[in-house]
């Protein structure tokens, strides 16, 4: 018998080791959270605390409204600045989770005595939640594999560019908090389905409710979890614990989700939610037959079970088809079809295809956003297949579907990054467990046990090989960290509203044209002025210039957007008629020909034409804007339809006078398209030109403001009574009638 004193010492030693391990885990996770937060601050350090991109400006404006007027006023807010003359009911067309989160953090900081501007809260919301995302990823990976793999996954996701791209400081968008909600919901789901606990399933449903309030990507959760249950049914691993977890999660989660005004009754009336509803009904049938089998016996119920299950499945499918055909259940949306057919959006919904992040993902993008993790990811998937259980089936489904959707659409790289980090962490954890340990691997069979012990030379060689493998792994991880830092610093930390270039001496040159233009609009135009621009800039104009816009980034009304596209693609006379109908006071265009900015409106113009053609096919034809050789050019070969369009004139007005400083270089050289423009004499049409037929003259608009680097150009629309062109046309038409 062992000495009791020795047992007490052993227990104390084990407790001490466990306490040290827990302390180290806490220190490592804290360091990872700090790393994730600090790595997202490059934009603030290099520029300033500012809201980035386009959508974040609406989110910031809505959050400010929420904090100033309260939640109920926010839900009933009618935004007259948007979609003139239609307006927008914000409370019923927005996911309020992001605004509520930032508003609560702002209120909490003020309650604790810290005076913080709501703008700064919005700027730092995503970096703060990156730490929570790392913790939730650690919990999920630990629950599915091991604690070591959990630490690796937390470290990976804290600096992975695929996630940082949506969570840098200033990127105040829904995805900044939604990825945390996604990972935490999955963690709670695994806990619930493992334990069969109603408590964990309820927590999972509440986390799902938060996800629904934050981002439209909640549809991904409500399809992946039912698919997990369905696969477990197919492979014969479904049991009462899974039934309890899913039934509780589905009922509470969907009831909560329907309390979000923007969601409403979609969970029971749209095709995107029918799979989860179908699985819910199917598990009820299985549970009912399980009850009958328990009371009547297995032999009697086996054949009846399959016959009745097939009958229920067929009836359910027929009911869904009938309800969809009758209009009670909404059919699949265009965005859903575009996930399965990459060419669908380009043909049927060009406004979706016009967004760069909706394009198919290239292989370089996978490496750029995931680096070595994308190569290790398949190995992690294979490990899960080899050692699968009820919970790891979820990892396999999550990985396969995320990889497919990320390949279809660049934006969905965001949903792939977490599972890639988890599966890569599993691989690295297993490799380090195998090669860092000094003890030989355990024997796999009796033959291995009977084999002779290795010699000292063989052990020395094995130790050297282990050392080499460990060094290589550390080098790979070091390169991954270096790559993530470089990508974050150079690619994902530049606010779109402030541009930066590098001078020949290496110094930075800040181009602040966007804010310059918006400040001019705010201070030099009437409060009720209406600005026509392409929809990309609607949120920024409303947020920074505080002026009404015709279209914005919500893109809910394709007809209205097509009307703006038609105005931009039409000649000045037709465009003027459209602008008069819409009461437009100013026209704003983005032009990058002077500084070489590739994201200008000339490069987006064909999408304006395509969207306009979809609604006005008799008046707008995309082929009319190409050269006879089928090329899109701005030089002397550009067709007359293009050079006389409002977009061409407002972009290149007075551009022929610009001298780039090259002695031998031509005037009017477009640096973005690397060509000399075809029409250089675009000037204001004076009265003395009324008797001529000179083209490319501004008749109905006049230049109001052009920024320092010509990046933003604003034109004032002339009142109808002062439009010499229309007066001349009326006189001319009357003369011919006589």
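Including glycine, each Cβ sits where the backbone N, Cα and C put it.
Whatever TrEMBL says is automated annotation, not expert-curated.
What TrEMBL says about this one:
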| type | residues | note |
| --- | --- | --- |
| TRANSMEM | 22-45 | transmembrane segment |
| DOMAIN | 24-424 | domain 'Oligosaccharyl transferase STT3 N-terminal' |
| TRANSMEM | 82-104 | transmembrane segment |
| TRANSMEM | 116-138 | transmembrane segment |
| TRANSMEM | 144-165 | transmembrane segment |
| TRANSMEM | 186-211 | transmembrane segment |
| TRANSMEM | 217-236 | transmembrane segment |
| TRANSMEM | 248-268 | transmembrane segment |
| TRANSMEM | 274-292 | transmembrane segment |
| TRANSMEM | 304-330 | transmembrane segment |
| TRANSMEM | 363-383 | transmembrane segment |
| TRANSMEM | 395-428 | transmembrane segment |
| TRANSMEM | 465-486 | transmembrane segment |
| DOMAIN | 530-587 | domain 'STT3/PglB/AglB core' |
PLDDT averaged over every residue in the domain 'Oligosaccharyl transferase STT3 N-terminal' (24-424):
90
Please work out whether the transmembrane segment (144-165) lies in contact with the transmembrane segment (217-236), by counting C-beta pairs under 8 angstroms that are 6 or more apart in sequence and asking whether there are at least 3.
no
Provide the three-state DSSP residue tally for the domain 'STT3/PglB/AglB core' (530-587): helix first, then strand, then coil.
33 helix, 8 strand, 17 coil
Is the count of Cβ pairs under 8 Å between the transmembrane segment (363-383) and the transmembrane segment (116-138), pairs 6 or more apart in sequence, 3 or more?
no
Count the Cβ pairs between the transmembrane segment (217-236) and the transmembrane segment (395-428) that lie under 8 angstroms and are 6 or more residues apart in sequence, then report whether there are at least 3.
yes
Between the transmembrane segment (248-268) and the transmembrane segment (116-138), are there at least three Cβ pairs closer than 8 Å, leaving out pairs fewer than 6 positions apart?
no
What residues in the same chain, six or more past the boundaries of the transmembrane segment (465-486), come closer than 8 Å to it by Cβ-Cβ distance?
39, 159-161, 164, 371-373, 428, 431-432, 435-436
